[in-house]
Amino acid sequence: TAWRVLESGGSELDAVERGCGQCEIDQCDGSVGYGGSPDESGETTLDAMIMDGNTMEVGAVADLRRVKNAIGVARKVIEYTKHTLLVGESASLFAVRMGFPYEDLTTQKSLSLYSKWLNQSCQPNYWKNVVPDSSKSCGPYKRREEVTYKEEHTSSQRSVHNHDTIGMVVIGVSGTVASGTSTNGAIHKLPGRVGDSPIAGAGSYADSTAGGAAATGDGDIMMRFLPSYQAVEYMRMGTDPTVACQKVISRIQKYAPKFFGAIICANTTGSYGAACNKIPGFTQFHFMVSSPLLSRPTEQVIDCI
(Lines of atoms letter the chains of each structure in order from A; the text may use other names.)
(Lines give C-alpha, C1' and ligand atoms only; values in the text may rest on other atoms or scores of the structure.)
Protein backbone atom coordinates (compact mmCIF):
# COMPACT_ATOMS: atom_id res chain seq x y z
CA THR A 1 0.00 0.00 0.00
CA ALA A 2 2.78 2.43 0.93
CA TRP A 3 4.68 1.65 -2.27
CA ARG A 4 1.58 2.26 -4.40
CA VAL A 5 1.17 5.67 -2.75
CA LEU A 6 4.75 6.59 -3.71
CA GLU A 7 4.33 5.29 -7.26
CA SER A 8 1.21 7.39 -7.72
CA GLY A 9 3.03 10.56 -6.67
CA GLY A 10 2.14 10.64 -2.98
CA SER A 11 4.59 12.05 -0.45
CA GLU A 12 6.76 10.01 1.89
CA LEU A 13 4.49 10.97 4.81
CA ASP A 14 1.45 9.90 2.77
CA ALA A 15 3.10 6.53 2.17
CA VAL A 16 3.84 5.99 5.87
CA GLU A 17 0.33 7.05 6.90
CA ARG A 18 -1.44 4.88 4.32
CA GLY A 19 0.86 1.90 4.82
CA CYS A 20 0.54 1.83 8.60
CA GLY A 21 -3.16 2.68 8.24
CA GLN A 22 -3.68 -0.39 6.07
CA CYS A 23 -2.23 -2.51 8.87
CA GLU A 24 -4.67 -0.89 11.32
CA ILE A 25 -7.56 -1.87 9.04
CA ASP A 26 -6.19 -5.40 8.55
CA GLN A 27 -5.46 -5.77 12.30
CA CYS A 28 -1.98 -7.05 11.37
CA ASP A 29 -0.92 -9.89 13.68
CA GLY A 30 -3.70 -8.86 16.08
CA SER A 31 -1.12 -6.43 17.47
CA VAL A 32 -1.97 -3.40 15.30
CA GLY A 33 -5.30 -1.58 15.25
CA TYR A 34 -8.60 -2.39 16.93
CA GLY A 35 -9.70 -5.63 18.56
CA GLY A 36 -6.32 -6.81 19.86
CA SER A 37 -4.16 -6.63 23.01
CA PRO A 38 -6.83 -5.72 25.57
CA ASP A 39 -5.44 -3.99 28.66
CA GLU A 40 -6.13 -4.99 32.28
CA SER A 41 -9.62 -3.56 32.08
CA GLY A 42 -10.38 -5.29 28.77
CA GLU A 43 -10.08 -2.17 26.60
CA THR A 44 -7.99 -1.90 23.42
CA THR A 45 -6.09 1.40 23.13
CA LEU A 46 -3.75 2.52 20.36
CA ASP A 47 -0.33 4.18 20.07
CA ALA A 48 1.13 5.64 16.87
CA MET A 49 3.62 8.18 15.57
CA ILE A 50 4.77 9.63 12.26
CA MET A 51 7.93 11.65 11.59
CA ASP A 52 8.99 13.97 8.78
CA GLY A 53 12.76 13.66 8.24
CA ASN A 54 12.92 16.99 6.37
CA THR A 55 11.42 19.22 9.06
CA MET A 56 12.01 16.84 12.01
CA GLU A 57 8.36 17.30 12.94
CA VAL A 58 6.68 14.46 14.82
CA GLY A 59 3.00 13.75 15.41
CA ALA A 60 2.08 11.08 17.93
CA VAL A 61 -0.83 9.74 19.95
CA ALA A 62 -0.75 7.35 22.89
CA ASP A 63 -3.46 5.54 24.85
CA LEU A 64 -5.89 6.60 22.09
CA ARG A 65 -9.38 5.31 22.86
CA ARG A 66 -12.39 4.63 20.60
CA VAL A 67 -10.68 5.87 17.41
CA LYS A 68 -9.39 3.27 14.93
CA ASN A 69 -7.05 5.26 12.67
CA ALA A 70 -4.26 6.08 15.13
CA ILE A 71 -1.59 6.88 12.52
CA GLY A 72 -4.07 9.21 10.78
CA VAL A 73 -4.66 11.10 14.03
CA ALA A 74 -0.87 11.29 14.58
CA ARG A 75 -0.50 12.94 11.15
CA LYS A 76 -3.13 15.53 12.13
CA VAL A 77 -1.07 16.41 15.22
CA ILE A 78 1.70 17.57 12.84
CA GLU A 79 -0.66 19.34 10.46
CA TYR A 80 -2.97 21.15 12.86
CA THR A 81 -1.08 21.66 16.14
CA LYS A 82 2.27 22.89 17.40
CA HIS A 83 2.45 19.85 19.68
CA THR A 84 4.17 16.49 19.25
CA LEU A 85 2.31 13.97 21.44
CA LEU A 86 -1.32 13.83 22.60
CA VAL A 87 -2.54 11.14 25.00
CA GLY A 88 -5.60 9.37 26.35
CA GLU A 89 -9.11 10.78 26.35
CA SER A 90 -7.84 14.19 25.23
CA ALA A 91 -6.24 12.62 22.14
CA SER A 92 -9.60 11.04 21.31
CA LEU A 93 -11.37 14.40 21.65
CA PHE A 94 -8.78 15.94 19.32
CA ALA A 95 -9.37 13.11 16.82
CA VAL A 96 -13.11 13.79 16.79
CA ARG A 97 -12.48 17.50 16.16
CA MET A 98 -10.33 16.43 13.21
CA GLY A 99 -13.23 14.43 11.76
CA PHE A 100 -12.44 10.89 12.90
CA PRO A 101 -15.46 8.88 14.07
CA TYR A 102 -15.80 7.33 17.51
CA GLU A 103 -15.87 3.54 17.07
CA ASP A 104 -15.77 0.57 19.40
CA LEU A 105 -12.28 -0.98 19.39
CA THR A 106 -13.50 -4.12 21.18
CA THR A 107 -14.21 -7.30 19.21
CA GLN A 108 -15.29 -10.82 20.11
CA LYS A 109 -11.63 -11.80 19.85
CA SER A 110 -10.40 -9.15 22.29
CA LEU A 111 -13.23 -10.00 24.70
CA SER A 112 -12.29 -13.67 24.60
CA LEU A 113 -8.58 -12.87 25.14
CA TYR A 114 -9.60 -10.80 28.16
CA SER A 115 -11.92 -13.39 29.70
CA LYS A 116 -9.33 -16.13 29.18
CA TRP A 117 -6.76 -13.99 31.00
CA LEU A 118 -9.15 -13.37 33.90
CA ASN A 119 -9.76 -17.12 34.15
CA GLN A 120 -6.00 -17.70 34.34
CA SER A 121 -5.77 -15.57 37.53
CA CYS A 122 -4.70 -12.58 35.40
CA GLN A 123 -1.46 -14.22 34.25
CA PRO A 124 0.82 -12.87 32.92
CA ASN A 125 0.64 -9.26 34.17
CA TYR A 126 3.00 -6.36 34.71
CA TRP A 127 2.81 -5.79 38.46
CA LYS A 128 5.63 -6.32 40.96
CA ASN A 129 6.24 -5.66 44.67
CA VAL A 130 2.51 -5.72 45.46
CA VAL A 131 0.10 -7.61 47.71
CA PRO A 132 -1.63 -9.92 47.07
CA ASP A 133 1.04 -11.81 45.09
CA SER A 134 0.59 -10.67 41.47
CA SER A 135 1.98 -13.94 40.11
CA LYS A 136 -0.98 -15.85 41.57
CA SER A 137 -3.97 -13.52 41.71
CA CYS A 138 -5.87 -10.70 40.04
CA GLY A 139 -5.73 -8.13 42.81
CA PRO A 140 -6.75 -5.36 43.38
CA TYR A 141 -3.17 -4.79 44.43
CA LYS A 142 -1.61 -2.56 47.04
CA ARG A 143 2.05 -1.72 47.32
CA ARG A 144 4.21 -3.79 49.62
CA GLU A 145 5.71 -1.82 52.48
CA GLU A 146 9.13 -3.27 51.73
CA VAL A 147 10.20 -3.27 48.12
CA THR A 148 12.41 -6.14 46.99
CA TYR A 149 14.66 -5.69 44.01
CA LYS A 150 15.25 -8.76 41.91
CA GLU A 151 16.05 -9.52 38.31
CA GLU A 152 13.21 -8.51 36.02
CA HIS A 153 11.23 -11.37 34.57
CA THR A 154 8.86 -9.31 32.47
CA SER A 155 10.91 -9.63 29.30
CA SER A 156 10.21 -13.35 28.96
CA GLN A 157 6.43 -12.73 29.02
CA ARG A 158 6.56 -10.80 25.78
CA SER A 159 7.21 -12.77 22.67
CA VAL A 160 6.70 -12.70 18.96
CA HIS A 161 3.26 -14.18 19.65
CA ASN A 162 1.74 -11.49 21.87
CA HIS A 163 3.30 -8.20 20.94
CA ASP A 164 4.35 -6.52 17.72
CA THR A 165 4.17 -3.21 15.88
CA ILE A 166 3.94 -2.05 12.28
CA GLY A 167 7.07 0.06 11.81
CA MET A 168 7.86 1.67 8.47
CA VAL A 169 10.70 3.67 6.94
CA VAL A 170 10.13 5.36 3.57
CA ILE A 171 12.95 6.83 1.45
CA GLY A 172 11.67 9.03 -1.37
CA VAL A 173 13.19 9.43 -4.82
CA SER A 174 15.11 12.54 -3.69
CA GLY A 175 16.37 10.89 -0.49
CA THR A 176 13.68 12.37 1.74
CA VAL A 177 13.00 10.14 4.76
CA ALA A 178 9.79 9.57 6.72
CA SER A 179 8.96 6.94 9.31
CA GLY A 180 6.09 5.79 11.47
CA THR A 181 4.66 3.15 13.78
CA SER A 182 1.28 1.92 14.94
CA THR A 183 0.42 -0.64 17.63
CA ASN A 184 -2.17 -1.64 20.21
CA GLY A 185 0.63 -2.24 22.68
CA ALA A 186 1.48 -5.01 25.12
CA ILE A 187 -1.42 -7.35 25.87
CA HIS A 188 -2.82 -7.05 29.44
CA LYS A 189 -0.86 -3.81 30.03
CA LEU A 190 -1.86 -1.51 32.88
CA PRO A 191 -4.34 1.12 31.62
CA GLY A 192 -2.40 4.24 30.72
CA ARG A 193 0.78 2.37 29.83
CA VAL A 194 2.65 3.83 26.86
CA GLY A 195 5.34 1.82 25.08
CA ASP A 196 8.12 2.82 22.71
CA SER A 197 6.01 3.04 19.56
CA PRO A 198 4.76 6.66 19.84
CA ILE A 199 8.02 8.01 21.29
CA ALA A 200 10.27 9.78 18.78
CA GLY A 201 13.68 8.13 18.70
CA ALA A 202 12.36 4.97 20.35
CA GLY A 203 9.60 3.55 18.15
CA SER A 204 10.95 5.21 15.03
CA TYR A 205 13.10 8.10 13.84
CA ALA A 206 13.66 9.81 10.50
CA ASP A 207 16.30 12.30 9.38
CA SER A 208 16.63 13.08 5.69
CA THR A 209 20.34 13.84 6.15
CA ALA A 210 21.06 10.31 7.44
CA GLY A 211 18.25 7.75 7.27
CA GLY A 212 15.43 6.20 9.23
CA ALA A 213 14.78 3.36 11.66
CA ALA A 214 11.84 1.65 13.35
CA ALA A 215 11.73 -0.78 16.26
CA THR A 216 9.43 -3.52 17.50
CA GLY A 217 9.36 -5.64 20.63
CA ASP A 218 9.35 -5.08 24.37
CA GLY A 219 8.75 -1.35 24.42
CA ASP A 220 9.17 -0.97 28.18
CA ILE A 221 12.79 -2.04 27.83
CA MET A 222 13.56 -0.74 24.33
CA MET A 223 12.33 2.82 24.89
CA ARG A 224 14.98 3.32 27.57
CA PHE A 225 17.69 3.13 24.90
CA LEU A 226 16.16 5.27 22.11
CA PRO A 227 17.15 2.55 19.62
CA SER A 228 15.79 4.22 16.48
CA TYR A 229 17.57 7.51 17.19
CA GLN A 230 20.77 5.64 18.02
CA ALA A 231 20.61 3.65 14.76
CA VAL A 232 20.13 6.80 12.68
CA GLU A 233 23.10 8.44 14.40
CA TYR A 234 25.27 5.38 13.63
CA MET A 235 24.22 5.66 9.96
CA ARG A 236 25.02 9.38 10.00
CA MET A 237 28.58 8.42 10.95
CA GLY A 238 28.72 6.20 7.87
CA THR A 239 27.91 2.89 9.52
CA ASP A 240 26.24 0.32 7.26
CA PRO A 241 22.50 -0.02 8.11
CA THR A 242 22.81 -3.70 9.10
CA VAL A 243 25.75 -2.95 11.40
CA ALA A 244 23.93 0.09 12.83
CA CYS A 245 20.96 -2.12 13.72
CA GLN A 246 23.24 -4.79 15.24
CA LYS A 247 25.06 -2.23 17.38
CA VAL A 248 21.75 -0.99 18.76
CA ILE A 249 20.61 -4.51 19.68
CA SER A 250 24.00 -5.27 21.29
CA ARG A 251 23.74 -2.14 23.41
CA ILE A 252 20.40 -3.24 24.88
CA GLN A 253 21.62 -6.83 25.37
CA LYS A 254 24.16 -5.71 27.96
CA TYR A 255 21.36 -4.64 30.29
CA ALA A 256 18.51 -6.95 29.26
CA PRO A 257 19.95 -10.08 27.63
CA LYS A 258 16.53 -11.76 27.39
CA PHE A 259 14.58 -8.87 25.84
CA PHE A 260 12.33 -9.44 22.83
CA GLY A 261 13.04 -6.94 20.09
CA ALA A 262 14.12 -6.07 16.56
CA ILE A 263 14.94 -2.97 14.54
CA ILE A 264 15.01 -2.04 10.84
CA CYS A 265 17.38 0.59 9.43
CA ALA A 266 17.61 2.34 6.05
CA ASN A 267 19.94 5.12 4.92
CA THR A 268 19.36 7.88 2.39
CA THR A 269 20.91 5.90 -0.46
CA GLY A 270 18.33 3.14 -0.04
CA SER A 271 20.61 0.62 1.67
CA TYR A 272 18.81 -1.21 4.46
CA GLY A 273 19.27 -3.82 7.14
CA ALA A 274 17.79 -5.21 10.34
CA ALA A 275 18.79 -6.94 13.56
CA CYS A 276 17.05 -8.79 16.38
CA ASN A 277 17.88 -10.25 19.78
CA LYS A 278 18.05 -14.04 19.80
CA ILE A 279 15.88 -15.66 22.48
CA PRO A 280 14.06 -19.02 22.61
CA GLY A 281 11.24 -18.98 20.05
CA PHE A 282 12.61 -15.90 18.29
CA THR A 283 15.71 -16.67 16.24
CA GLN A 284 14.86 -14.92 12.97
CA PHE A 285 13.19 -11.65 12.03
CA HIS A 286 11.09 -11.14 8.89
CA PHE A 287 10.54 -7.74 7.28
CA MET A 288 9.24 -6.48 3.93
CA VAL A 289 11.10 -4.37 1.37
CA SER A 290 9.80 -2.53 -1.71
CA SER A 291 12.25 -0.77 -4.01
CA PRO A 292 12.75 0.10 -7.69
CA LEU A 293 15.18 -2.85 -7.87
CA LEU A 294 12.47 -5.32 -6.82
CA SER A 295 9.56 -6.24 -9.06
CA ARG A 296 7.26 -6.65 -6.05
CA PRO A 297 7.33 -6.29 -2.25
CA THR A 298 9.79 -8.89 -0.99
CA GLU A 299 10.12 -10.60 2.37
CA GLN A 300 13.60 -10.51 3.88
CA VAL A 301 14.77 -12.74 6.72
CA ILE A 302 17.73 -12.19 9.06
CA ASP A 303 19.16 -14.34 11.84
CA CYS A 304 19.02 -12.82 15.31
CA ILE A 305 22.23 -12.09 17.22
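Every residue gets a Cβ built from N, Cα and C, even glycine.
Bear in mind that TrEMBL entries carry predicted annotations, made automatically and left uncurated.
Going by TrEMBL, these are the annotated features:
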- T165: active site, nucleophile (ACT_SITE)
- R193, V194, G195, D196, T216, G217, D218, G219: substrate binding site (BINDING)
Item to check | Cα separation, the residue listed as 'active site, nucleophile' to D196 (substrate binding site) (Å, whole number) | outcome: 10
Item to check | Candidate with sparsest Cβ neighbourhood (10 Å radius) among G195, G217, G219, the listed binding-site residues | outcome: G195
Next on the checklist: Please give the substrate site's span as the largest CA-CA distance among R193, V194, G195, D196, T216, G217, D218, G219, to the nearest whole angstrom.
Outcome noted: 16
Checklist outcome for this item: Close in space but at least six residues away in sequence, with Cβ under 8 Å from that of T216 (substrate binding site), the same-chain residues are D164, T165, G167, G261, A262, I263
Checklist entry - When the number of other CB atoms within 10 A of each residue's CB is tallied over all shown chains, which of the binding-site residues D196, D218 has the maximum? => result D196
Checklist outcome for this item: Residues near V194 (substrate binding site) by Cβ (under 8 Å) yet at least 6 apart in sequence within the same chain, in sequence order, are D47, A62, D63, V87, G185
